[in-house]
Amino acid sequence: MAQDRKKVLVLGAGYAGLQTVTKLQKTISTEEAEITLINKNEYHYEATWLHEASAGTLNYEDVLYPVESVLKKDKVNFVQAEVTKIDRDAKKVETNQGIYDFDILVVALGFVSETFGIEGMKDHAFQIENVITARELSRHIEDKFANYAASKEKDDNDLSILVGGAGFTGVEFLGELTDRIPELCSKYGVDQNKVKITCVEAAPKMLPMFSEELVNHAVSYLEDRGVEFKIATPIVACNEKGFVVEVDGEKQQLNAGTSVWAAGVRGSKLMEESFEGVKRGRIVTKQDLTINGYDNIFVIGDCSAFIPAGEERPLPTTAQIAMQQGESVAKNIKRILNGESTEEFEYVDRGTVCSLGSHDGVGMVFGKPIAGKKAAFMKKVIDTRAVFKIGGIGLAFKKGKF
């Protein structure tokens with residue numbers, strides 16, 4: 001019987017990959033399949049909490065937990081390794097720790113920051129990308145305040161922070177900054193009036209997924225807490241001094257001691273090397289989340305460009321979508337093992353909430369707009385639910401937001 005076991009290989013332990021595996025281990029027996037999960041790190045991190053760790057309002061260690069803590073070791077083989085090559089036809093995946101065969105492959109390799117070729121952005125701006133970059137950024141911000149307080153010749157630029165991007169991540173990071181800055185000013189005896197936070201956005205509107213009313217709430221709340229917005233202002237370069245922006249056709253230098261890029265992500269760069277038709281690390285999938293020509297390969301999460309039937313544009317890359325895709329793929333793998341046909345993925349939009357620090361927010365929940373403390377509470381519910389969905393009640397108590 002063991003010789004008939006299928007090899008199920010899952011690449012990536014982010015929201016999509018880990019949701020797939022934790023669902024599979026509940027529904028598939030060891031006689032049916034051998035499940036292997038490969039991830040670069042020994043830990044999973046809550047990517048939707050990185051803005052908190054980056055600002056320093058949440059310890060970076062609270063954002064992560066060991067992958068193996070949510071796995072059934074008798075059901076899943078966990079390998080800490082970096083994937084270097086995917087050979088679709090040979091059904092092999094190469095890593096820095098060896099080669100792994102598969103009958104069914106799930107690609108959930110996650111995201112990396114996308115700077116869209118802006119000169120100097122990768123070299124001179126912090127990225128909100130993973131727990132390592134989050135820790136570096138939060139420490140850098142605090143170091144700037146400490147150095148300013150200790151310096152005899154003070155440079156106000158040390159207290160200036162530039163944030164590129166007024167989308168979801170950028171705005172949530174701004175909210176956390178407005179919570180963190182008063183703490184740092186109190187700790188180091190810094191006049192808060194000297195702190196300058198500027199958000200630069202190329203698009204004509206921030207938070208494009210929300211109504212004008214919700215956007216106005218977010219802008220008013222953040223402006224009241226010291227944030228200045230420069231909307232419809234493209235960043236053309238980044239240097240050691242800050243951002244270079246374009247205003248009315250002319251370039252202007254914005255100076256700051258800290259520059260942060262929060263305006264774009266893309267799927268894993270391994271995608272272009274492994275598949276055709278990949279754009280920004282994402283490949284268009286079929287309705288069951290497999291790819292053309294390979295019914296045994298699923299692509300989900302940030303690497304997937306899933307276009308719902310009848311639609312023209314792919315769904316955005318969100319944790320909510322990634323986790324629903326993981327559940328769908330787990331069910332379809334079970335169906336494949338049973339000799340049944342796969343089912344189409346159907347996304348259920350339960351809503352989206354953008355936090356503005358720990359006490360405010362804006363969002364749409366089941367089609368209804370919410371703002372203020374209600375939105376902040378709902379955000380904590382969403383964050384805790386995500387942990388519960390993967391690790392159960394125990395992990396929710398340990399890592400949840402309540």
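The backbone N, Cα and C atoms fix where each Cβ goes, and this holds for glycine too.
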According to Swiss-Prot, which candidate in Asp74, Asp101, Asp103, Asp302 joins Gly12, Ala13, Gly14, Tyr15, Ala16, Asn39, Lys40, Val83, Ala319, Gln320, Lys379 at the FAD site
Asp302
Would you kindly give the Cα-Cα distance separating Glu172 (active site) and Lys40 (FAD binding site), rounded to the nearest Å?
27
So, three-state DSSP: helix, strand or coil for Lys40 (FAD binding site)?
coil
